[in-house]
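According to TrEMBL:
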- 4-352: domain 'Isopropylmalate dehydrogenase-like' (DOMAIN)
- 76-89, 282-294: NAD(+) binding site (BINDING)
- Arg96, Arg106, Arg134, Asp224: substrate binding site (BINDING)
- Tyr141: site 'Important for catalysis' (SITE)
- Lys192: site 'Important for catalysis' (SITE)
- Asp224, Asp248, Asp252: Mg(2+) binding site (BINDING)
Amino acid sequence: MSHRILLLPGDGIGPEIVAQGRRVLEALRDNHGLDCELDTAPIGGAGYDAAGQPLPEETLAKAQAADAVLLGAVGGPRYDELPREVRPERGLLAIRAELGLFGNLRPAMLYPQLADASALRPEVVAGLDLLIVRELTGGIYFGEPRGVRELPSGERQGYDTEVYSESEIERIARLAFAAAERRQGRLCSVDKANVLESSGLWREVVERVAADYPQIELSHMYVDNAAMQLVRAPKQFDVIVTGNMFGDILSDCAAQLTGSIGMLPSASLDERGKGLYEPVHGSAPDIAGQDKANPLATILSVAMLLRYSLGKSEHAERVERAVGQVLEEGLRTADLQGGSRVVGTVEMGEAVVGRL
Ligand SMILES: NC(=O)c1ccc[n+]([C@@H]2O[C@H](COP(=O)([O-])OP(=O)(O)OC[C@H]3O[C@@H](n4cnc5c(N)ncnc54)[C@H](O)[C@@H]3O)[C@@H](O)[C@H]2O)c1
Ligand SMILES: CC(C)[C@H](C(=O)O)[C@@H](O)C(=O)O
Ligand SMILES: [Mg+2]
């Protein structure tokens, strides 16, 4: 059966890095028996330019029909002054919501070859392997009401609403407990239960779900402490489960532990395991169009796509091994310290393809 994979390059460095992800898929198809068909559609600013909407209807229809989606990144200064409902970021939020992608897996793993590329001392990060499970379709990103209103004084006030229902908390908790079962068996739930009502309920529901996973060691941590602990002693974590906004922030923080945000892949999954895969980083307008972007987060997202949506773990391991090998050989894009040779986006992609 041929697997239908939809590519959504997006904006900024998105097209450059997705082009390298595409080459990896094509090489697996042509040389390693991966049966797949690739299609492309616009999203974000590119969607707005093509169809006046950050998530054109045709793009959504193609995504719904695909077995898996690979996305680059969206957004950029050209679009920052648009009304909020047509901003590129809204397209990304809409596709996550429309496809029901509530479970966002963001692994942060340090390749041993990058131990000296981290902003932290090698002994603090050596062997780092943690997984952030971020709730992706709820919380303050989607809560109503929100807007900007005028107070009686005439002053304007912006407001958003953090909301989590029991069922939303329960399903992300179950995903995280199941992930911890396949790993080291430790789960840390991150919240702000000392202040927020929604976090109080979050903690209560996570505790309730824990009864079904007696073999998992569950702990709770406030988000401010979690940010500090991630930098102080990141190896204490196995799996972290948290809400949408806390997960967004903590995953950028965890990215830097691995050497660069250009190294972090992610998978966003629905109830049945269908998924969208994307690097954790954004469209990096400061380096777009210069062949400087690190394509490895996107290529590692391809590996996650192969493993989770296509059930092709051997192909996934082949990709991950090839990434390890190019790093071992000393190749580095400019965002990564160390190594013996700085290469551009295209050359890094070619090198990975050459080691598959
Ligand atoms: N998933 C997404 O599509 C996504 C995620 C985050 C931000 N954004 C959007 O991207 C735009 C820029 O946001 P930002 O600057 O806050 O975050 P960013 O992640 O795009 O960039 C932050 C810094 O990291 C660098 N960087 C990011 N990815 C890199 C890569 N692959 N290789 C080398 N360096 C890399 C950039 O050059 C920049 O210095 C905004 O419009 C934002 O909304 C999109
Ligand atoms: C661009 C933005 C909507 C997005 C988010 O906040 O979820 C990004 O930062 C991410 O981490 O995927
Ligand atoms: Mg983010």
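Each position is counted from 1, following the chain as shown.
Every residue, even glycine, has its Cβ placed from backbone N, Cα and C.
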Same chain, 6+ residues apart, C-beta under 8 Å of the C-beta of Asp248 (Mg(2+) binding site), given in sequence order: Arg134
Binding-site residues close to ligand 3 - of Asp80, Arg134, Asp224, only those whose C-beta is under 6 Å away: none
Asp224 (substrate binding site): nearby recorded positions from Gly76, Tyr141, Asp252, Ala284, Ala288, Lys292, Cα cut-off 10 Å: none
Listed binding-site residues with Cβ under 6 Å from ligand 2, out of Arg134, Asp248, Ala284: Asp248
Alpha-carbon spacing, Lys192 (site 'Important for catalysis') to Asp252 (Mg(2+) binding site), which is rounded to whole Å: 19
Winner by Cβ contact number (other Cβ atoms within 10 Å) across the binding-site residues Gly76, Pro88: Pro88
Listed binding-site residues adjacent to ligand 1, that is, members of Gly76, Asp224, Asp252, Ala284 whose C-beta is under 6 A away: Gly76, Ala284
Neighbour count (Cβ, 10 Å) for Asp252 (Mg(2+) binding site): 15
Mean of pLDDT values spanning the domain 'Isopropylmalate dehydrogenase-like' (4-352): 97
Residues satisfying Cβ distance under 8 Å from Tyr141 (site 'Important for catalysis'), sequence separation of at least 6: Leu93, Asn244, Met245
Lowest local Cβ density among Ala284, Ala288, which the record lists as binding-site residues, within 10 Å: Ala288
Per-residue Cβ crowding (10 Å cut-off), top of recorded positions Arg106, Arg134, Lys192: Arg134
Pairwise Cα distance for Arg96 (substrate binding site)/Arg84 (NAD(+) binding site) [Å, integer]: 17
Spatial neighbours, same chain, of Lys292 (NAD(+) binding site) - Cβ under 8 Å, 6+ residues apart: Thr333, Ala334, Asp335, Gly344, Thr345
Entries of Gly76, Arg84, Pro88, Ala284 which, being binding-site residues, have CA atoms within 10 angstroms of Arg106 (substrate binding site): none
